[in-house]
Amino acid sequence: MRAIIIGSGAAGLTTASTIRKYNKDMEIVVITKEKEIAYSPCAIPYVIEGAIKSFDDIIMHTPEDYKRERNIDILTETTVIDVDSKNNKIKCVDKDGNEFEMNYDYLVLATGAEPFIPPIEGKDLDGVFKVRTIEDGRAILKYIEENGCKKVAVVGAGAIGLEMAYGLKCRGLDVLVVEMAPQVLPRFLDPDMAEIVQKYLEKEGIKVMLSKPLEKIVGKEKVEAVYVDGKLYDVDMVIMATGVRPNIELAKKAGCKIGKFAIEVNEKMQTSIPNIYAVGDCVEVIDFITGEKTLSPFGTAAVRQGKVAGKNIAGVEAKFYPVLNSAVSKIGDLEIGGTGLTAFSANLKRIPIVIGRAKALTRARYYPGGKEIEIKMIFNEDGKVVGCQIVGGERVAERIDAMSIAIFKKVSAEELANMEFCYAPPVSMVHEPLSLAAEDALKKLSNK
């Protein structure tokens, strides 16, 4: 029996490792276009920043490691160009242009997503970069060093865009962030919470332009400037952080059913073709709160999906649960997290909500080092928590994790307000900020 996994990101490698964990005999082959594998794309901005010393430090395993430790074959710099699902066969081409075919018993599409680059004049000039692979990160640093770059425009104010903006500022560049939406982190935070992040960026010397599309990139061979809102801004390079699109071309060739957003899968991560599975950024999933199809382009979802697919291929029953798209980011000294619905998304879906708020310190007031934290908690009209956003100096991630569990368990405002939390002056307040936000919502619910 042979399982072939196309893609060496978190989803693909987790699938391969999970199959091997539960099946010691199956032949497992991972095929990837990339030269290097098992690295963390989420860490790229932090290498740019200098918080991580080198791109080599974010590579966790080599193909040789996988062969030696797990008996998994990795074919690097190899592209799958066709899938014949009727005959369980794929066609590949290696880095030298040689074509070859392989048969499979199980096929896993872990083809990820591709950066979306808007059709802007000048997008193909030298000095325009995307941020997706370790090679992208290396190319950015090399270009800065070889060209003595002083100014950069970052297009897109999502998490990657802002993390890159801060990282490039730490490298000594003047940074301009350009965002079409009227706020930073438009898919992550409500406008009032996003304003905290924007003010922090501006305090750090990063210029932020909102509700302004990038009109064109100017230069002869290299980037020289950008046009934004009819004005010319001199820059030496442009970072395009304008989102990604699921890579579903091989799924189409295989004849897999494509849903509204990406490859359609069941809870076992099977596609419409039973022996073909799909995992990671190329699949659509179910939103826990609305029950609607959505995308979940996060490493945590990719790993969970890989475990589910791997178990099922190995004969161990497993299922993937609906998502909340819990996420966290760190930009300088600011931590930003969110899970579930925002007030904006709830209003779009016409879900009646009540909002609870709290602003507090992360440690006892008298204990040195406490950081301010601000919480916005979203409840439905039945008083069940359906979303939470937190911005602050520390300990955001663990609170978002706690709220993710609370949403899944359909915890009420009353339960959250009265929940038992731990306390010690160096690490927490006696009044847990999550409970304070729930208390605020509870008062409003009681008055309805």
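Please read every residue number as a count from 1 along the shown chain.
Placement of Cβ uses the backbone N, Cα and C atoms for every residue, glycine included.
Per Swiss-Prot, the features are:
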type	residues	note
ACT_SITE	C42	active site, redox-active
BINDING	7-11, C42, V80, 110-113, R132, 271-281, 299-300, Y423	FAD binding site
BINDING	152-167, E179, G243, V328	NAD(+) binding site
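Positions of the features from Swiss-Prot, shown on the structure.
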{"residue": "G7", "record": "FAD binding site", "Cβ within 10 Å": "30"}
{"residue": "A11", "record": "FAD binding site", "Cβ within 10 Å": "32"}
{"residue": "T111", "record": "FAD binding site", "Cβ within 10 Å": "26"}
{"residue": "V155", "record": "NAD(+) binding site", "Cβ within 10 Å": "25"}
{"residue": "G158", "record": "NAD(+) binding site", "Cβ within 10 Å": "20"}
{"residue": "G161", "record": "NAD(+) binding site", "Cβ within 10 Å": "24"}
{"residue": "M164", "record": "NAD(+) binding site", "Cβ within 10 Å": "27"}
{"residue": "T271", "record": "FAD binding site", "Cβ within 10 Å": "24"}
{"residue": "V279", "record": "FAD binding site", "Cβ within 10 Å": "33"}
{"residue": "T300", "record": "FAD binding site", "Cβ within 10 Å": "14"}
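Taking the C-alpha positions, the distance from V328 (NAD(+) binding site) to the residue listed as 'active site, redox-active' comes to 11 Å. Sequence-distant neighbours of G167 (NAD(+) binding site) (same chain, 6+ apart, CB under 8 A from its CB) are P45, Y46, V47, I48, E49, G50. V155 (NAD(+) binding site) carries a strand DSSP state (E or B). Rounded to a whole number, the C-alpha distance linking V279 (FAD binding site) with M164 (NAD(+) binding site) is 27 angstrom. Compared over the recorded positions C42, V152, V328, the count of CB atoms lying within 10 A of a residue's CB peaks at V152. Among the recorded positions G7, A11, C42, T111, N275, T300, none has a Cα sitting within 10 Å of the Cα of G158 (NAD(+) binding site). Comparing C-alpha positions, G161 (NAD(+) binding site) sits nearest to T300 among the binding-site residues G7, A11, T111, N275, T300. Neighbour density for N275 (FAD binding site): within 10 A of its CB lie 15 other CB atoms from the protein chains shown.
Straight-line distance linking the Cα atoms of M164 (NAD(+) binding site) and T111 (FAD binding site), rounded to a whole number, equals 24 Å. Taking C42, V152, V155 as the recorded positions under consideration, the smallest Cα distance to T111 (FAD binding site) is found for C42.
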